[in-house]
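Novice: This structure is in structure tokens; I'll ask about it shortly.
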């Protein structure tokens, strides 16, 4: 029998974030009783913590369809109008990385979020006219890894704003245990702990390690976490090669470094540095942001010495 990772099918199977789950379930029940459309929801937090999974479970709980679109794909009014024209009453529209939606499209989004209608320009030049387009009522779920880029007029239109943050070690251990059982890995408690310690408190990374561990087992007939972490270039505390390169780049400087200098030293883009590398290093107090730029902390230097 082919073994594969099975994502949660309902809120009961979703590990962690119980207060957020309770709030969502309460709102769904209230909307049913009131026979009203569920309020729009904004989910924000780092990558890999379950924002898309929550959107899927919300749609499932509401017994409706989930439509998914990337914010970066909404760059022209026609992109948005095509998307909402396909929505049926009660559907859930999930816009991932909603901060990437073009400003011209956001102007159309606001009236749709308010009362499900939008003014559309039909025709050209002297023959053009504004026509009101009605949209079927739906629930809008936006997700972002860059909450600071969400403009106030957009933020104000969400009835629920939920922070999906990093997970506790206990929650990650539970996730590793569940998926390890699905893959019949028979993980020992110390192995679960090791995987947790190398997961950056992020479910997506933990699940990725479990998948690679399964591959290792079916090929080599045994589990060797040390060899796996080495092959994946995952270091202590879950830091990856690019994270260590970042720390080494700062460690070799005598003055704070600006984001442009760091990008130049690493050869990667600003968005990757700010959204994929720095959040966890800041959380672990390995780096600090100052007015003059980024600096490595004593914790960061000690990490480089030990890894």
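Just so it is clear, glycine is given a Cβ too, placed from its N, Cα and C backbone atoms.
Checked Swiss-Prot, it gives:
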- 1-167: region 'Large ATPase domain (RuvB-L)' (REGION)
- 5, 48, 51, 52, 53, 114, 115, 116, 157, 167, 204: ATP binding site (BINDING)
- 52: Mg(2+) binding site (BINDING)
- 168-233: region 'Small ATPAse domain (RuvB-S)' (REGION)
- 236-307: region 'Head domain (RuvB-H)' (REGION)
- 289, 294: DNA binding site (BINDING)
Novice: In sequence order, what residues of the same chain, 6+ apart, have a Cβ less than 8 Å from the Cβ of residue 289 (DNA binding site)?
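Specialist: For residue 289 (DNA binding site), the qualifying residues are 278, 282.
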Novice: Starting from each candidate's C-beta and looking 10 angstroms out, tell me which of the binding-site residues 52, 53 has the most other C-beta atoms.
Specialist: 52
Novice: Under a three-state reading of DSSP, tell me whether residue 115 (ATP binding site) is helix, strand or coil.
Specialist: helix
Novice: Would you count the other C-beta atoms found within 10 angstroms of the C-beta of residue 51 (ATP binding site) for me?
Specialist: 24
Novice: Return the residues near residue 115 (ATP binding site), defined as same-chain residues 6+ apart in sequence whose C-beta is under 8 angstroms from its C-beta, sorted by sequence, else 'none'.
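Specialist: Once residues fewer than 6 apart are set aside, residue 115 (ATP binding site) is near nothing.
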Novice: Looking at ATP and its recorded binding residues 5, 48, 51, 52, 53, 114, 115, 116, 157, 167, 204, figure out the farthest C-alpha pair and report it in angstrom, whole number.
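Specialist: Among the residues the record ties to ATP, max Cα distance equals 40 Å.
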Novice: Tally every other Cβ atom lying within 10 Å of the Cβ atom of residue 294 (DNA binding site).
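Specialist: Within a 10 Å radius of the Cβ of residue 294 (DNA binding site) lie 22 other Cβ atoms.
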Novice: Could you state the CA-to-CA distance between residue 294 (DNA binding site) and residue 53 (ATP binding site) to the nearest Å?
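Specialist: Between the Cα atoms of residue 294 (DNA binding site) and residue 53 (ATP binding site), the distance comes to 34 Å.
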Novice: Among all the protein chains here, how many other CB atoms are within 10 A of the CB of residue 204 (ATP binding site)?
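Specialist: Around the Cβ of residue 204 (ATP binding site), 17 other Cβ atoms lie within 10 Å.
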Novice: Within the region 'Large ATPase domain (RuvB-L)' (1-167), what mean pLDDT does the predicted structure show?
Specialist: 91
Novice: Using DSSP, how many residues of the region 'Head domain (RuvB-H)' (236-307) fall into helix, strand and coil, respectively?
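Specialist: Counting residues per DSSP class in the region 'Head domain (RuvB-H)' (236-307), I get 45 helix, 10 strand, 17 coil.
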Novice: By DSSP, how many residues in the region 'Small ATPAse domain (RuvB-S)' (168-233) are helix, how many strand, and how many coil?
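Specialist: Split into helix, strand and coil, the region 'Small ATPAse domain (RuvB-S)' (168-233) gives 49 helix, 0 strand, 17 coil.
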Novice: Spatially, and counting Cα to Cα, which of the binding-site residues is closest to residue 52 (Mg(2+) binding site)? Options: 5, 157, 204.
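Specialist: It is 204, whose Cα lies nearest.
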